[in-house]
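As recorded in Swiss-Prot:
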- C146: active site, nucleophile (ACT_SITE)
- R21, R126, R127, R166, S167, C168, D169, N177, H207, L208, Y209: dUMP binding site (BINDING)
- H51, D169, A263: (6R)-5,10-methylene-5,6,7,8-tetrahydrofolate binding site (BINDING)
Amino acid sequence: MKQYLDLMKHILDKGTDKSDRTGTGTRSVFGYQMRFDLNEGFPLVTTKKCHLRSIIHELLWFLKGETNVDYLHENKVSIWDEWADEKGNLGPVYGAQWRSWPTPDGRHIDQISQVIEQIKATPDSRRLIVSAWNVGELDKMALAPCHAFFQFYVADGKLSCQLYQRSCDVFLGLPFNIASYALLTMMVAQQCNLGLGDFVWTGGDTHLYSNHMEQTQLQLSREPRPLPTMKILRHPESIFDYRFEDFELSGYDPHPHIKAPVAI
């Protein structure tokens, strides 16, 4: 994951100091891209320990179409707690948009089911897209989508995915986002009987929070270790039938965890 450290260094060296919604302050760059060949290992950051349980359960939660944190709590995941209301609701965030995008005529579109069928039927389509950025419902969401839009691409029997992330907390959020979408790409590839291509991450406002600078320097002082391997142990009938125990990570030998505050 040298690419990740290179991004951190680029922000420190070339970034602009900016104010932000949370009042914390950031150093930011605009427009950055990284590419990960999913055949060369699972792109999970090794220069600090990442909480894989949270990454997997959050993805399964998105795929369930759920927008209440109850499922996350049942599985000891608390990463959405700061934004939930007293009943655990978040409004129509990722899961709602992925699985039940409302249309003006009263229908609801399951974008995940739709894109998988499109990949199978028309793999060369340039419309293999899922969007969480529903302008008509942004004001109902506890947090506007940061990872807003992703597109699949099939070539030579391999599936690739590109994510556009309009806003990126590089220290805390980005390691989760990369691993989550890499895993989603693996799952969709399995469902469509395709090999693995690349995961391409594209960032808009790509930033380090001002209260993450010490942690960033510590992480930059560490040498990246070999990437782990992720295996999917079962082939469920549907993208919606995966369980936590279907995923096996091996060879993950990270440096120790680095704690940092979340900007809310």
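Here the Cβ of each residue, glycine as well, is placed from N, Cα and C on the backbone.
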Using Cα-Cα distances with a 10 Å cut-off, which of the recorded positions R21, R127, C146, S167, Y209 are near A263 ((6R)-5,10-methylene-5,6,7,8-tetrahydrofolate binding site)?
R21, Y209
Just the number: how many Å between the Cα atoms of D169 (dUMP binding site) and H51 ((6R)-5,10-methylene-5,6,7,8-tetrahydrofolate binding site)?
16
Cα separation, H51 ((6R)-5,10-methylene-5,6,7,8-tetrahydrofolate binding site) to H207 (dUMP binding site) (Å, whole number):
21
Could you state the whole-number distance in Å separating the C-alpha atoms of C146 (active site, nucleophile) and Y209 (dUMP binding site)?
15
Whole-number Å value of the largest CA-CA distance among H51, D169, A263, listed as (6R)-5,10-methylene-5,6,7,8-tetrahydrofolate-binding:
19
Rounded distance in angstrom between the Cα atoms of H51 ((6R)-5,10-methylene-5,6,7,8-tetrahydrofolate binding site) and S167 (dUMP binding site):
21
